[in-house]
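Over in TrEMBL, the protein carries these features:
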| type | residues | note |
| --- | --- | --- |
| TRANSMEM | B:12-38 | transmembrane segment |
| TRANSMEM | B:58-90 | transmembrane segment |
| DOMAIN | B:62-266 | domain 'ABC transmembrane type-1' |
| TRANSMEM | B:102-122 | transmembrane segment |
| TRANSMEM | B:128-148 | transmembrane segment |
| TRANSMEM | B:190-219 | transmembrane segment |
| TRANSMEM | B:248-270 | transmembrane segment |
Amino acid sequence: MEEILMLKNVSVFYGEHPVLKDVNMGIRPGRILAVMGPSGSGKTTLLRALNGLLWEEPEAEMKGEICLQGRDTRTMDREELRRRVGLVFQTPQPFPFSIYKNMTYAPRYYGIRKKEQLEEIVREKLMMAGLYEEVKGELSKSALKLSGGQKQRLCIARALTAEPEVLLLDEPCSALDVKASAVIEETLLGLKERYTIVIVTHNISQARRIADDAAFFSEGRLVEYGKAETLFTAPEKEETRSFLTGVCG
Amino acid sequence: MRWIGTFTKIWAYAGISAVCAAVLFLFGYVFFQGAGIISVEFLTEAPKGLVLGEEGGIWPAITGSLCFTGTAMVLASVPAAASALYLVFYCRSQRLYQAIRLVIQCISGIPSIVLGLFAYSFLVRDLNLGRCIFSAGVALAVMILPFIEVRAEKAFREVPAELVRSSYSLGCSKLYTITRIVLPACRGELVSGIILGGCYAMGATAPMIFTGAVAYAAVPDSIFSPAMALPLHLYLLVAQGSTSMDTAYGTAFVMMAMILLSSLLATAYARRSQNRWKRS
């Protein structure tokens, strides 16, 4: 299976301080990759590098190459890269508009003006995120009035409206309770048919439940990467083993 | 060490009471002295009398002041908001940022009479525009530009970074993010900053003495004609001596009422707009 995203010797520095060190990995399409590691191991920076948000930080410098479908992302227009590689943040951040306006924000930018077409996108993406049934009667309600879990699913649905190929999620369940997290997990499992998903998580059991592949980072280095099943049952590196058993991280 | 805490508290209360008392006294004194002369005629007629302004009203000065202020607000707000947007969203070089900041600080440090002199020699004389609202408006605009820019920049920086990043993460351009997220979020702050800048311009005399404000003129019919202005009219009335002190206080009353009302409106608008944006 050909990799959708390929990282070759990727390092990221903030001034002199390296946050990611020489990362080499290929991310396969149609799967869920769980990225784990202790705090400060460079997981969030990895996601930002993947969707080009790092370019907005003047103090960050990236070396190496990230290829999306074989094309170096540095040669791509940054808007195009971000459309193709969506990112959902740790704290759900709906725009302070109605649910409907949140969902049509990106499609309008891409030139879709027809009401029926917009309504179809809103319905389809909300359904994919498992939110449609809960909000269908109140699409004009402020998105800020939704519960934490609903907000996060709205953010996932909103990210889908840009029709990305890869969906990056930065600890999407860290602020949610067990029930809301379970709904998000279910949503992600439903989405992997159509999208490649990279999820940063601190929750090892969550990673076990949903991930096809898993990567373990420590101090900016990619320590171990492979099939989730193998990594969780028989990790090769001692560092990974101690993280999984809760000795470190 | 408890006495230090008590002392600091007393000091703070005394300080704030003294400031409030001084401001209230100032407003109260001017309003008390000026209230007697306020009438419909005073607000709607032109100044009259053997010594000009001793009798009649201040209508041309009110309209003139509004014209000067309006021109300055329009001329200053566009470059101020644009430079604030550039500094917050586009400028990636720290050096360039520092350089632009320094220039803006320098502008705010220029004495207003020097701005007046510049506008006089460049616009009135060299460009032959003559003494008019536009020439004075330019001088006033330069004076209030840093004031508006600083407020605009602060407002832009207060927009949650996550919202801006969320928009970028959808592949939306900076321009789209600015027009759809940033400007609506800051509309109240921006408008109130511009109005407060206008209040600052309305009270300034020095930049328009040589450039557009005159002792007597009819209600202006274009921005290329000279006009009366409340602060200059007040200055002339006081300079004329005791015979026109009543109308001087009346003029001060009107000017302060206009500035106070504008400030209150600006603050209320900013608050309302912020709440509405959060609820929308």
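Numbers run from 1 along the shown chain.
Placement of Cβ uses the backbone N, Cα and C atoms for every residue, glycine included.
If you look at the transmembrane segment (B:128-148), the same-chain residues 6 or more away from its ends with a CB under 8 A from one of its CBs are 64, 67-69, 71-77, 79-81, 104-105, 107-108, 110, 112, 115-116, 118-120, 193-194, 196-198, 200-201, 204, 207-208, 210-214, 220, 222-227, 229. Most Cβ pairs under 8 Å to the transmembrane segment (B:12-38), among the stretches B:58-90, B:102-122, B:248-270, belong to B:248-270. Long-range contacts of the transmembrane segment (B:102-122) within the same chain, counting only residues at least 6 positions beyond its ends with a Cβ under 8 Å from a Cβ of the stretch, are 83, 135-136, 138-140, 142-143, 145-147, 149-150, 204, 206-211.
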